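Visitor: Reproduced below are the annotations present in TrEMBL:
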- 43-294: domain 'G-protein coupled receptors family 1 profile' (DOMAIN)
- 27-50: transmembrane segment (TRANSMEM)
- 62-80: transmembrane segment (TRANSMEM)
- 100-122: transmembrane segment (TRANSMEM)
- 142-160: transmembrane segment (TRANSMEM)
- 209-230: transmembrane segment (TRANSMEM)
- 242-265: transmembrane segment (TRANSMEM)
- 277-296: transmembrane segment (TRANSMEM)
Amino acid sequence: MTSARNTSNAVSYFILLGFPCSREMQIVLFSIFFMVYTLTLLGNMAIVFAVRWDHRLHTPMYILLANFSFLEICYVNSDVPNMLLNFLSITKTISFTRCFLQLYFFFSLGTTECLFLSIMAYDRFLAICRPLHYPTVMTIRFCGNLIIFCWVYGFLWFLIPVVLVTQLPFCGPNVIDDFLCDLGPLLDLASVCVPIPGTVLICGTMSSLLIFATFFYIIGSYTLVLKAVIRMPSAAGSKKAFSTCSSHLAVVTLFYGSVMITYVSPGSGQAKGMQKFTTLFYSVLTPFFNPMIYSLRNKEMKDALKKVIGCS
């Protein structure tokens, strides 16, 4: 263990290649992603303020949505600011410590997002499939406990894998073909020095368990919800329930579709050229689209957002 630590000290910083292109194109990309970043923050902050200020939205579904939007704000701040700085940087370096802090927060917030999507699916299942039990089960207090669980468990799940990766021997190669310190590229760098099948297995297993357990739970919940919606006698009630669930399913599809490609087998060397683009999609573009997806098909949210931006 001591020798591993000493060897890992051979690398004191990493180089994030990001999106290699001409200096002029780097400025263009900076401008585009800075705009996306700003609109992402504004969109998600608008949802948080809308739920906070409109008392009609003080229900579990909207409280979960507001917390999810706050999570998205934290999520984009774990990687986008550094990506923007790299567009303007000549060296594109990040220190060893900052790299692993980014890795930890990025993965912890991603885990928290998986858990949030799961409890949002549970909320819709209760509301539509068990409407008589919903007011007594999904109380504000219980909703608050679920939110606390997501944040605490989200930051504990990947703690051990990140600690294991920090102990790997980074003996020289320090160029990461990505715009952030991601798990797969870091495992690739460490595997150049020594075989690390155990660490790759642990990271891959924990990633797969989290992704597939939450994904199949969400799909199962919405399958039951859609069956209940089809049986609804009221066309108006059926349309409203379907509209809400379709928004949730759209977000789930965007997020999990790209996450599964990236993290089910980290460090396996599969789809290396595509990894940074799938990571970009779920970590930058999905938080950008979420406010539009959740608000466009929800009349209550649209009305609240109009008040926030002063259009009413």
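Note that Cβ sites are derived from N, Cα and C of the backbone, with glycine treated the same way.
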Visitor: Per the definition of 3+ C-beta pairs under 8 A with sequence separation of 6 or more, do the transmembrane segment (62-80) and the transmembrane segment (277-296) touch?
Guide: yes
Visitor: Please give the sequence-distant neighbours of the transmembrane segment (142-160): residues at least 6 beyond its ends with Cβ less than 8 Å from one of its Cβ atoms.
Guide: 60, 63-64, 67, 104, 107-109, 111-116, 119, 122-123, 202, 206, 210
Visitor: Between the transmembrane segment (209-230) and the transmembrane segment (100-122), are there three or more CB pairs that fall under 8 A, provided the residues in each pair are separated by 6 or more in sequence?
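Guide: Answer yes, regions in contact.
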Visitor: What average pLDDT does the predicted model assign to the domain 'G-protein coupled receptors family 1 profile' (43-294)?
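Guide: PLDDT averaged over the stretch: 88.
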